[in-house]
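Relevant sequence annotations retrieved from Swiss-Prot are reproduced here:
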- 7-614: topological domain 'Extracellular' (TOPO_DOM)
- ASN141: N-linked glycosylation site (CARBOHYD)
- ASN148: N-linked glycosylation site (CARBOHYD)
- ASN233: N-linked glycosylation site (CARBOHYD)
- ASN340: N-linked glycosylation site (CARBOHYD)
- ASN368: N-linked glycosylation site (CARBOHYD)
- ASN399: N-linked glycosylation site (CARBOHYD)
- ASN406: N-linked glycosylation site (CARBOHYD)
- ASN411: N-linked glycosylation site (CARBOHYD)
- ASN422: N-linked glycosylation site (CARBOHYD)
- ASN483: N-linked glycosylation site (CARBOHYD)
- ASN490: N-linked glycosylation site (CARBOHYD)
- 498-513: region 'Immunosuppression' (REGION)
- ASN557: N-linked glycosylation site (CARBOHYD)
- 576-624: coiled coil (COILED)
- 663-699: coiled coil (COILED)
Amino acid sequence: MVSIAFYGGIPGGISTPITQQSEKSKCEENTMFQPYCYNNDSKNSMAESKEARDQEMNLKEESKEEKRRNDWWEIGMFLLCLAGTTGGILWWYEGLPQQHYIGLVAIGGRLNGSGQSNAIECWGSFPGCRPFQNYFSYETNRSMHMDNNTATLLEAYHREIAFIYKSSCTDSDHCQEYQCKKVNLNSSDSSNSVRVEDVTNTAEYWGFKWLECNQTEHFKTILVPENEMVNINDTDTWIPKGCNETWARVKRCPIDILYGIHPIRLCVQPPFFLVQEKGIADTSRIGNCGPTIFLGVLEDNKGVVRGDYTACNVRRLNINRKDYTGIYQVPIFYTCTFTNITSCNNEPIISVIMYETNQVQYLLCNNNNSNNYNCVVQSFGVIGQAHLELPRPNKRIRNQSFNQYNCSINNKTELETWNLVNTSGLTPLPISSEANTGLIRHKRDFGISAIVAAIVAATAIAASATMSYVALTEVNKIMEVQNHTFEVENSTLNGMDLIERQIKILYAMILQTHADVQLLKERQQVEETFNLIGCIERTHVFCHTGHPWNMSWGHLNESTQWDDWVSKMEDLNQEILTTLHGARNNLAQSMITFNTPDSIAQFGKDLWSHIGNWIPGLGASIIKYIVMFLLIYLLLTSSPKILRALWKVTSGAGSSGSRYLKKKFHHKHASREDTWDQAQHSIHLAGVTGGSGDKYYKQKYSRNDWNGESEEYNRRPKSWVKSIEAFGESYISEKTKGEISQPGAAINEHKNGSGGNNPHQGSLDLEIRSEGGNIYDCCIKAQEGTLAIPCCGFPLWLFWGLVIIVGRIAGYGLRGLAVIIRICIRGLNLIFEIIRKMLDYIGRALNPGTSHVSMPQYV
């Protein structure tokens, strides 16, 4: 065995004998250079096991870090889902129609019946009525006391309708008596000629019996159906139906009044209310308005037309009369087809309104089969509570329209059940209201509950920030600030109390004013009545009415109560202003107490100012809700990362900078010595081997075994560079430790160093890259927590975090959509598979593999 020794094999100037031995003794003698003897196979297995352990430890650290990150992400997503669910529930609840609303309404003390029928006024869109939409109606178990002279809604309805028609229509005396006789209308089948014959026993024509009535004062004779007239004492005297029942007797009106499309309501104002007895013991309905009434709807035998297709065709007939004088008014005949019509009184003869843009006609129709009606234009009619002589344009209505309504409109029985009551004072009354007649809830952006919650949350945040500043800066001033705050609260409460007292006085003044106005109206009515009775001759300035003057008629409220109310209102105004000024001064003093130029104080004041400016406009835009929620969400989810980054900056900046300078210094000197070591190694190798390449490569391979690394390792930076970075000692001593004493430590350090650094491990070392980097890498590291403020700053990080959150939310949505599509595809596949199996089963049953049917054989 020949031993060849040479020096200078290890860089750094230490001469280490390296021997070239045979394969047999290589294992025993290499122990002086290695902690234990191993070959290539054992080296690979040990490296693999060590790498597996390192990977396992790295995975554990990554899982812990990922778990910490996921915990905050899950908390943020939970808060997001919770807020979204809460907002959705509030939105749904605000738009949900409430079936019953239980509460208290202060409507007064004892409810007594009132005879002031003129307190009931017309409210609606019709000209002459008040435009008002705030109707309410409550159910209560309060018992009502009614006087004998209590006004009903029907009486006020008579008065209002009479006023409307008398002020809008032309007066007429057509309700006088007519001399009528019964006639028959006979027609031939071959022509449209109809003969009028005087008979005793009449027969129906066109579904009606006919009368020929003569109005001698105007030399007018009309041919009218018997259903429009009323006989008096079984004589030849007849009057139009409804003349003895209605107040207004007018001739012609504007067409729009006759349409039946003007809804009105008869309503009252406090202290008056309308009460309807429900027919149950101690159960009533109280409100400010009665039922809806439509002007122009016929009172008797109405017909409710429904459906789109309705058509009426005029039937032109020639009426032949032997002899007559003056005007002879003939009827207009129609044949109508109603696809869907209902008779309100279950009678075969009904009244229907047919109109165009510029004309209207009231038809009296008789049903001859299921959908066909024989109709005739009426001459007289009862519209609302006014008896009218209807306009009869002698032409066909081409584009017919039919008014649609229900049978309960203008029901006299219902109007008689509503009574007028009067009350005074303030007394709570338990009530319940249905949504369609009482309190109507409207949808808002996030609902009123969400707005209130947002205001409370914003105020709480501002107050918390302000109080946090006080606690952090000047603890000794907290008591003083609290005293000022308590003064502000007390002043605000006192101001609210004064405002409530002022409102009560104002309400009493309004009630008294309304009562005086109603008294003036009643006096005007009495005066008009006296003028009609006693002052017939208009030339007399003074006249006798026949009734003694009552001093109570001119008695108004001449007490000093009104002056007392005015003085109290002035005093309360002054007290309210004084209280509010005091509250403002206390609030200003509390702010001055901690008014310092400190940045935290300025932040608290600015936050309070911004939120105070936001509160009046919270309901104006939904964007503020979204921005506020995103800011809160980012604050909750990003606080740990921000604090961790600040801790790394403050604690690791010094050590990181020191390691960075050492690294640069040793890297520069190591490059010089590395060049010198390579030159020495080449000279020594040339002198010893004498050009023997095989021995050189064997020693190279043996050296690789001794180092425990592959060729890829030789291309990486030397391990002694990382040794110096790991232990912080001198170059010579650390190089000796890394190459001879602890060869594995340098390898592990190299694997876990900058070359294999994992950004997800959450290391506290702050790496400062001299070559810089792009914004994307910077912000990604900022989001992961490894590099935050020194690189890209908080605003850019905040914007990028918002983009990441939106992207993740969109990703969740797309993944959910993919799951839904996958489930649908599976369902379709299942359905197709079931259909396939059924078809296959039926096919196999119809076409079995073995046929048991024997066919006849012919020989």
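A Cβ is built for glycine as well, from the same backbone N, Cα and C atoms used for every other residue.
What's the neighbourhood like for these features in this structure?
Confidence in the topological domain 'Extracellular' (7-614), given as mean pLDDT, stands at 68.
Residues near ASN148 (N-linked glycosylation site) in space but far in sequence (CB under 8 A, at least 6 apart, same chain): none are found.
Other Cβ atoms within 10 Å of the Cβ of ASN233 (N-linked glycosylation site) number 5 in total over all chains.
Other Cβ atoms within 10 Å of the Cβ of ASN340 (N-linked glycosylation site) number 12 in total over all chains.
Counting every protein chain shown, the number of other Cβ atoms lying within 10 Å of the Cβ of ASN368 (N-linked glycosylation site) is 13.
With a cut-off of 8 Å between CB atoms and residues at least 6 apart in sequence, the same chain places GLU356 near ASN399 (N-linked glycosylation site), listed in sequence order.
Applying an 8 A CB threshold to same-chain residues 6+ apart, the list for ASN406 (N-linked glycosylation site) reads VAL304.
Within its own chain, ASN411 (N-linked glycosylation site) has no residue 6 or more apart in sequence whose C-beta sits under 8 angstroms from its own.
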Report, in whole Å, the straight Cα-to-Cα distance of ASN368 (N-linked glycosylation site) from ASN422 (N-linked glycosylation site).
52
Please report the three-state DSSP label of ASN340 (N-linked glycosylation site).
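Strand, per DSSP.
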Please report how many Å separate the Cα atom of ASN368 (N-linked glycosylation site) from that of ASN340 (N-linked glycosylation site), as a whole number.
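The separation of the Cα atoms works out to 15 Å.
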Would you count the other C-beta atoms found within 10 angstroms of the C-beta of ASN422 (N-linked glycosylation site) for me?
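A 10 Å sphere around the Cβ of ASN422 (N-linked glycosylation site) contains 22 other Cβ atoms.
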When DSSP is mapped onto helix/strand/coil, what comes out for ASN233 (N-linked glycosylation site)?
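Looking at the DSSP assignment, ASN233 (N-linked glycosylation site) belongs to neither helix nor strand, so coil.
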